[in-house]
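The domain 'Histidine kinase' annotation in TrEMBL covers 298-518. Taken from TrEMBL, the feature domain 'Response regulatory' applies to 555-674. Annotated domain 'HPt' per TrEMBL: 685-781, in sequence order. For Asp604, the entry in TrEMBL reads 4-aspartylphosphate. Among the features that TrEMBL reports, phosphohistidine is placed at His724.
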Amino acid sequence: MGGTLQLTDAERAWITEHPVLRVAVMEGFGALEYMQGSQLSGLSVEYLNAISKELGITFSYVLTNGGSARIALLQQGKVDMISTMRSIGPTLKIQGLALTDPYHVSAAVVIARAKTPLIFDLTQLEGKRVVIAAKGPFESILKDNVKNISLIKSDSALEALRLVEEGDADAALGTETYLIPYFGSKFEGVLQLSGVISSMTSEISMAVRDDQTMLLSVLQKTLKSISLERAYRMNEHWLVASGYGAATDSNSILDDHLHEVTLAVLLLAVLLGLVHQTHRQRRRAVRSEREKAKFLAVMSHEIRSPMNAVLAAVELLSLTRLDYDQRHLSSLASSGANTLLALLDDVLDLSRLDAEQLRLELEPVDPAALAREAVALYGLRALTKGIDLILQVPDSVEYLMLDEGRVTQILHNLISNAIKFTEYGSVQVKVVVSDTDVPGLKTLDIEVVDTGIGISAHLQERLFTPYSQAEHSYKRSGGTGLGLVICRELAELMDGTLSLTSEVGEGTVMGLSLHAQLTAPPATEVGAVTQLAPAALISSEVVAPVAGEPPANLRILVVEDARANQEVLLAQLHQFGFTAALAPDAAQAVLQFQQQVFDLVLLDCDLPDKDGYTVATELRALETDHGRRRCPIIAISASTGHDHAERCFEVDMDGVLSKPIQLAKLKSTIELWCDVVVAQKQAVPPSVVSLDLHQIRESMLEDLLHLLEAVIQSNAELALHRAHRLHGAALSMGWVDLALAAQKFESLLRANIPMDEPHCCAHLREIMQQWRQVDLALSASNHER
C-alpha cells in the first residue's frame, strides 16, 4: 500500500465524464458506517473523503437500512458503488458485483467471564452459548463449523456483553470494532478478553458492478496509493470522531485506564493474530508460486521432448513428394505445433514473472541496431499484407546497459501485434535516446505506431489482463492475451513503463520507456567469437565445400536415449548428407568419444545413467588426457532458460539447442561449429523419413519389462525412470492412450504413492492393456506390408 497515483489517459477521461458518483451506504453498520444526526460518519467515510480529495470527484450518499437493499440498488444501476462490503474467509462473490481490495481488516474477538480459559480456536466454542450481532456476519460460519453451539442474537454490543455478565451466555463474539468500544470499566473484574479468532478475519471492501471496469480500476489504484502513515491518521481520526475513549473529567480518565490497557492488549493480540495469519498465508503463497513455477518447468520439458519428434518429422515430411492437400495439412500441423510452443513459452514466462524467478542480464546494447534487426525480421510479413514498415532511428546512438533478450522480446511482440491488426497504411517504429538529469543515465523511448483497427477506451485495460483479448476480432489471431501482459511485466521488471494510446479506427501507439546507464561499446565481434567458437571461425581463409555436396569426413556423435528422438535426429542429419554415431547413454558416449575423434557432439542433458552436464565434464577431461583438439559439444535438451544455459557453459559446453530441434537450427549449428556450408536435400527418400517401428517397439517393450521388474522388486526409482521413458516415447509416436496410462502411473510415483496401492496397480494394468493394443496394431501393419 502506498505510492504515487498513476492513472491512464482513459481513466482520467472517465473521471472527467463522471464528476459525481452515487454511493449506497448503511445507516447502521456498527462503527464502520453510521448516521450521527444528519451526517454520515464512520471509517468508510474517511476513505471516501480521501478518494474524493485525490480524484476531485463528489460522492452522493444513498441511505439504506440493509445489505440486500444496497446490492439491489447497485445491480439495478440506481447507485454506482457500495462503500462497505464485508467478507469473511474466502473472498465474497456475488453475481454481477466486483470488489476492490479490502481497505479495513479486523479479527473476531471473544469476550467471556473472568478467569475462564482463553479461546483462540472455534472448536473451543463447542457446546457453548455464544451471543452474536443479530445482523452480524458470523452466524452461518459458526453453525457450519462448531458442533452443538447455541447462538443468541443481540441487537447491540452492550446488550451482548450484559448477557455474558449475567450468565445468560458463555461468551460474546464479534469484531473488535463492534465489541471493544463498550468493553470498559463497568465490566472490570467480571468480563475478560478471552481471545482472538484469527481464522475469522473480516475484510471490508468497496463494490461496483462487474461491468464497471474503469471505476473498479480507478478505486483500486486510489486505495493502493494511500500510504500506511495516512491510513493510520485516518483510523486515528475515525476513533476520535466516534467517541472511543473520549474523557471529559479526571474521574472518567481514571475509569478509562482499564479500558485503554484492555484495548492495548486487544490490539496487540489482534496484531499478533494477523501477523501470524499473514506470515502463514505468505508462506503458502510463496510455496504455491514455487510449486507452480516448478510444475510449469516440468510441463515445458515434458511437452518439448515429444514435440521435438513431431515438429522435426513434419518438417522432414514436407520435403517429400506431396500432393496439394497433403502439403496443406503438413503446413497446418507445423503451424499448430509452433503456436503451441509459443504459447508454452508465454505461460512459462508469465509464471516465472509471477514467482519473481526471472533475472535480468544487462549488457552493452546498441538500441538502433536492435530495432533494425527486429524490423528486418518483419519486413516480408508487412510486404505480404501490403503495408509499409518504417523505421526511424537516429544516425548515431550510444550503447546502453540493457537486457537485450527482454527488450527484443517486447519489441517483437509490439511489431507483430501492429502488423497483425493493420490492414491498410503503415507501421512505424521510432527509437529515441535522450538525456536525464542524472549524469550517465539515459532515457530510451521506443514507439510502435500503427494505422490499424484501434481499441476502444473501455476495453484497453483488459489488454493487460492475462488470457484476455480486447474484443472478439482479436481471437482471430489465436492468441491468449498473454503477450502484452508479459511485455508490461518485463517493462516493470526493468523499472520502465509500457503505455498504450488508441482510438477505434485511428490506430494504436504502444510506447516502451526505460532508463538505462550509458556504457562503452562491447569488444569487437571477433573477440566475442573467439571465446565460444573454434579458431577456424575467425580465419579469413575459410574454404567452404561446394553447395549440394556433403562435407567430407564430418564425424558427429549423437548422445540421445529416447528411440523416437534418435530416429528423428538421425533422419535430419541424413537430410544434410551426414551419418552419425549414436550413443544411447552416458557410458556409451564416453566410450565412443575415447575411441574416436569427432567433429561435433550433440549431447542430450537427460540421460538414464548420468546427466549431460557430467558427461560433458568427462569428455573435456578425455580431450586433456589425450592431448586432442577441442570438439564442439552442443547441448540438446527440452530444458530452457538462463539457468540451463548457464549450467551448460559452466561445464564447458559450446552451445545450446532447445528441443524441438528444427532443420534450420540444426543446419546453422553445424555450419557455425564445424566450419562448413551445409546443403539441404530437396527431397527425402521414404526409407529415410520412415521410422524403424520394429526397433522402437523393441525399445519400448524393454522399458515395459524393466518397469514390471522394478514393481516386483519395489524399486520406485527405477520404475519412475521406465514409466517416464514409456510416457515420452508413446507421446512421440502419437500413441495417446498408452501415453496417458504411463503418465498417470508416473504421476502417482512422483507423489510417492506406494506401488502396491490399488490406484498404482490399476494404472499398471492400464499400461499393459494399452501396450497390447499398440502391439496388435503394429503387427497388423507389418502383415499388410
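Glycine is no exception: its Cβ is also placed from the backbone N, Cα and C atoms.
Any TrEMBL annotation is an automated prediction that lacks curation.
It should be emphasised that the depicted structure is a prediction, and the values quoted were computed from it without experimental measurement.
Secondary structure at Asp604 (4-aspartylphosphate), as computed by DSSP, is strand.
Counting only same-chain residues six or more apart in sequence, the Cβ atoms lying under 8 angstroms from the Cβ of the residue listed as '4-aspartylphosphate' belong to Val559, Glu560, Asp561, Ala562, Asn565, Gly612, Ile636, Ser637.
Non-local neighbourhood of the residue listed as 'phosphohistidine': Glu746, each in the same chain, at least six residues away, with C-beta under 8 Å from its C-beta. Mean per-residue pLDDT, taken over the domain 'Response regulatory' (555-674), amounts to 85.
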